[in-house]
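K.L.:
Just passing along the structure, written as C-alpha cells.
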Amino acid sequence: MWSIRITVRLRPANSSCVRAEQESVVVRPRSKEEVRFRVDRIYDCDTSQRDVFQGEGLPLIERVLEGKNALLLAYGQTGSGKTHTILGPEGTTSEDRGLVPRAVEQLYEVAARRRRAGSPGEVRLSFVEVYNDSVVDLLGDGKTELQVSETTAGVRVAGLSTAAASSTAEALELLYEAEVARAVGSHSMNAASSRSHLIVTAHVAFGACRSKLELVDLAGSERVKSTAASRAQTAREASYINKSLSFLEQVVIALADKRDHVPYRSSKLTHLLKESLGGARATLVACLWPDPAHVDQTVATLRFAARMGRISREEEEEDGGNAAAAAAQHLAAAKMRREIDALREELAARDLLTSPPTYSYARLGDEEHKRAMADATAYLADPDCVPPVATVAQVRAVFAALREAAVAPRSSSENRVSLAKAAASQGNNNKKDYDFDEVELAACKRSVRSSRARAQQAASDVNNAKRAIDVLVARLSSEENEEAKEVVSRRLESVKAEYRTAYRDLTAARADVERFAARQKDLRRTRRK
C-alpha cells in the first residue's frame, strides 16, 4: 500500500502565519484556532533548489529508470513559487534551476552513459500547455488547439510533438523555447503570473523499459478581487484557471473516496493527467505564501494537499510499474510470431516434398519457354534464385537454357572486342559520373559554408533575444505603474516571438549543415573508390 507523497515549500515573506513542526504544518487563521496539517516533508524559505531536487526529483527519476511512471505536481495560489520550483526564474544560473531542467539533465546524462556502453537509451520530451481549457503544443505553432482522446493504449493528444534532443544542451534549449511560448501575464499579486497549466513529459525508453516522468506546473488559484483583474482577458483567464483546479479537486476527492466514477473528462487538465493520477507514483509540492494576508489561500492549498494525501493504492495496481514487464511480453510475443511464421513456411515446404509428384511431358508453350529461360538466367546471376520446376517439361526447359548459356558460340576474339567496347563505355560513364560528382561536391561545400553562416547569425539572434527577454522580465517585476507594465508586457511578447523565429531558423540551419556535410563526406568517399 502506498499513498501520494505530500511536501510543502514556503516562499519568503515579511511575516508568517505558518509554523513548521517536524512533519506538520500549523496555520493560524484570522481569529480562529490553529489548524494542523500532516505532511511528509517541509522546505522552508531558505531551502535551495538543489535540495528540493535531491529530496523530490531524484526519487522519482530512480523510479522512472526502473520502468515505472512518476508524476510531480506543484500546486498553490498565484505568486506562491510554483513556477520557481518547477522551472526556476527566467535567466537563471545553474544553482537557481528548477526541477524540470535538473531532471532533464539527469535523464539525458543517463541515456548518454548507456549509449557509450553500447546499450539502447532514448529520452523524448513533450511540452503541453492548457490555456483556457485548450491544449496547445509549445513546440508547435502555439496556435493550433489539440484534441485529447482515449485509445486502447491510453490517453493520447493528436498532433503532439515529442522531441528527441541529441544532447543535454539541446534538450535545455527546447525547454527554454517552451518557456518562452507559454502564456504569461501580470497583475497586482504577480508581475509574471503563469496564465496556463504546463505539463512537461519525459518519455524514457531504455531497452525493454518504457516509462515517463510528468512534471506539472499548475497555474495559481486566484481571487479576481485580490488580483485586481481589471482587464477582461485577465478575469477570463482566472475563471478558467479556477474552474480547472476545481475539477482537479473533484477528481482527487473521487480517488481518495475510491468512488466507482472519477470525473477525469470534466476538463482537459484532468483528462491529460488521467493515467498519472490513476496509477503513477506521485508527489505533490504544495507551495505556500505564508504572509498573513494570504492565510485563507494557504489553508485552501493545505486542504487540497490533505485530500491528495488520502489517495492510496495497492502496489500491484500501479499501471506504470508494469511498464518493463509489458515491454518484455511484447518482445516475447513478437519472437513467438516470427517462430510461428517460420514453422508455417517449413510445413509448406514439407507438403511440397511429400505430395505426389506431378509428371507432365507436354511441350511448353512460347510464354512458358521464355519464363524458363528467364528463370535460368536469374539462377546464373544469383544462386539463391532457384528456378521453380513442377513438371518434367519445365526441368528440360531449364536445363536447355543452362546449356545454351554455358556453350554459347562466341570466339575469343569476339569476347575481347566485346570486353574492350564495354570497358570504353564504362570509362566514359565513369568520367561523366566523376564530373557530376565534382559539380555536386562543389555545391555541397558552398551549401555547408552558407548554412554555417546562417546558423551563426541565428545563434546570435537567439542570444540577443534571450538577453532582451531577461531585461524585460526584470523591468516587468520592478515596474509599479500599470500602464507601463502593459507596454513592457506587450514588448515582452514581441521579443518572445522574435526568439521563437530565431530558434526555428537556428534549428533548420543546423540540420542543413549536417545534411550537406554528410553528403559531402559520401561524395569524397566515392571519389576515393
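Positions of Cβ are set from backbone N, Cα and C atoms, glycine also.
Dumping what TrEMBL says about this protein:
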type	residues	note
BINDING	Gly76, Gln77, Thr78, Gly79, Ser80, Gly81, Lys82, Thr83	ATP binding site
DOMAIN	3-311	domain 'Kinesin motor'
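Describe each of these features in terms of where it is and what it packs against.
P.N.:
Using a 10 Å radius centred on the Cβ of Thr78 (ATP binding site) and all shown protein chains, the other Cβ atoms total 24.
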K.L.:
By the count of other Cβ atoms within 10 Å, pick out the sparsest of the binding-site residues Gly76, Gly81.
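P.N.:
Selected from the binding-site residues Gly76, Gly81 on minimum Cβ neighbours within 10 Å: Gly81.
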K.L.:
Can you see whether DSSP assigns Gly76 (ATP binding site) to helix, strand or coil?
P.N.:
coil
K.L.:
Mind checking which of Gln77, Ser80, Thr83 has the fewest other CB atoms within 10 A of its CB? They're the binding-site residues.
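P.N.:
Output over binding-site residues Gln77, Ser80, Thr83: least Cβ neighbours within 10 Å is Gln77.
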